[in-house]
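This report refers to the structure that appears directly beneath it.
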Amino acid sequence: MASIRSCVSVNPAAAVTPVKYKSARVGAAGLDPKGLRISCSSSSSSLAAGGGDGCRDAGCASSSGRGSGVVGSVGDGWWGRRGGQRERAVAAMCSAGMEGVRHGAAAVASVPAASASALPERAKVVALVAAVMLLCNADRVVMSVAVVPFAAQYGWSSSFLGIVQSSFLWGYVFSSMVGGALADRYGGKKVMAGAAALWSLATFLTPWAASQSTIMLLAIRALFGLAEGVAFPTMSTFLPKWFPTHERATAVGISMGGFHLGNVISFLATPIIMSHIGLAGTFAFFASLGYLWLSVWLFNVESDPLDSRTISKSELQLILAGRSASKIQGSKFPSLREILSKIEMWAIIVANVVNNWGYFVLLSWMPVYFKTVYNVNLKQAAWFSAIPWAVMALSGYVAGASADFLIKSGFSVALVRKIMQSIGFIGPGVSLLCLRFAQTPSVAAVLMTIALSLSSFSQAGYFCNVQDIAPKYAGSLHGLTNGIGTVAAIVSTIGTGYFVQWLGSFQAFLTLTAVLYFSATVFYNTYATGDLIFD
């Protein structure tokens, strides 16, 4: 690898005072082009602004590997005056790999501190992302609960219930593929806002559509899935812009914790709300929560921290220093043929397929499993089904925090992703095999809880791995893999029913799912990488 040498010189100001900037991006960087000189020995190009030899003044530091530099530019908002004195502050970071970047950030020259709130801006961001993911899943579960009174009111057959439930995935499988590309192009803020507005509208219209015709109901449910399919790839694009590499798994864990918590809240709250305000009122209530979130999101979040007017300079520098090397200006999105030619990409695809396969088997059939195998009533089945999802919401955060701790401790990104993914697949596989020995619903609930809790470690495995190998195209590639995974979810959900009908038992299909978990673990550990593949 080429050696990269960075030289920084600083012309100190007579006095350092806060500065107001016309450009949010420039102001956040807080850099003065005059007096800055950066040169890299691995490149024939150099950046120089103003006089003075930076190398003589500041000395040089070198390292090896892939390097990246972060320097403020453009705009005339560089200057501030107080008492006739001019301040100059220069910050330059040039490194080779993530550790080099972080060390470079620690050596940044003094930058005037902007007033900032006590709560980091990225904490607000991840809280809002977790909130919208909670609503995303909660709105799905509303229909799963409401479908029972709907069926009683309109005389739906069991087969039609299956069609209604699957109609959500018809739109989902399409938008999950294109949603990431939209987020990459237009920014996560706009795309997530549009998606939440649309799925909240579809939620509100569902009772009305059911009263009109079956075609109208299926169309509204497909529209609902179309809007929700954007959420995951948009999150995959949005979070890497706001969090350095060593914090991303934690951010994903918190966001996914919100997603799984939405399952629990809606499962338990929907029957209560429905008993007070009816079917239409329940859907309207959850839709209103979406628009309430939207009003907060639009005025408090930007797609990129460089566009934020409230972020502190120190936090911005931390984020920029911890970003993966960005793509060369002017490079094009890789073709589908190029994407599918990379075995590292197939490792992520296979992991996504198997994860979705197992996830939707448990999501769709767990209440039926408890009722059929252990002959419990529907209320008991709902509680036994809710417990695993509640624990999963917490375990996802533990998985993310553990992964980030290992990366900060010096373990390679590839090794950490493989460890997390192994836990996320081997744990559920063993738990599903043990279900054949469960004699009581309580023991089965414990095994289901273990399976789902450990499966959440996949969030710090293959899910974050997309951001490692293609940070610039994370949304698009996650959309592609998630779209393929959604097809697997449709197959597994329908396949479970046929297996139970033919064999009279859930265990055969659960055993097949366990075998897929184990096989995917071997494939992922063999071919996955933490290196940049698409830049």
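Cβ atoms here come from the backbone N, Cα and C positions, even for glycine.
Residues or ranges marked as transit peptide by Swiss-Prot: 1-95. Look at Swiss-Prot and you will find 125-145, 160-180, 191-211, 215-235, 254-274, 279-299, 343-363, 381-401, 413-433, 443-463, 483-503, 504-524 tagged as transmembrane segment.
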Distant-in-sequence neighbours of the transmembrane segment (381-401), which means Cβ under 8 A and at least six residues beyond its ends: 249-254, 256-261, 263-264, 267-268, 362, 366-368, 370-371, 420, 423-424, 441, 444-445, 448-449, 451-457, 459-460
Chain residues outside the transmembrane segment (254-274) and at least six past its termini with a C-beta under 8 angstroms from it: 126-127, 129-142, 144-146, 149, 235, 239, 281-282, 285-286, 363, 382, 385-386, 389-390, 392-394, 396-397, 400, 456, 459, 463
Proximity verdict for the transmembrane segment (443-463) and the transmembrane segment (191-211), three or more C-beta pairs under 8 Å: no
Contact set, same chain, for the transmembrane segment (215-235): CB under 8 Å, 6 or more residues outside the stretch: 129, 132-133, 136, 139-140, 143, 163-164, 167-176, 179-180, 182-183, 188, 191-192, 194-196, 198-199, 202-203, 205-206, 209, 252, 255, 475-476, 478-479, 482-483, 486
Contact call for the transmembrane segment (504-524) and the transmembrane segment (343-363): at least 3 Cβ pairs under 8 Å, seq gap 6+: yes
Cβ contacts under 8 Å made by the transmembrane segment (191-211) with residues that lie 6+ beyond its boundaries: 129, 132, 135-136, 139, 142-143, 146, 150, 154, 179, 182-183, 217, 219-221, 223-224, 226-228, 230-231, 234-235, 238, 279-280, 283-284, 286-291, 293-294, 297-298
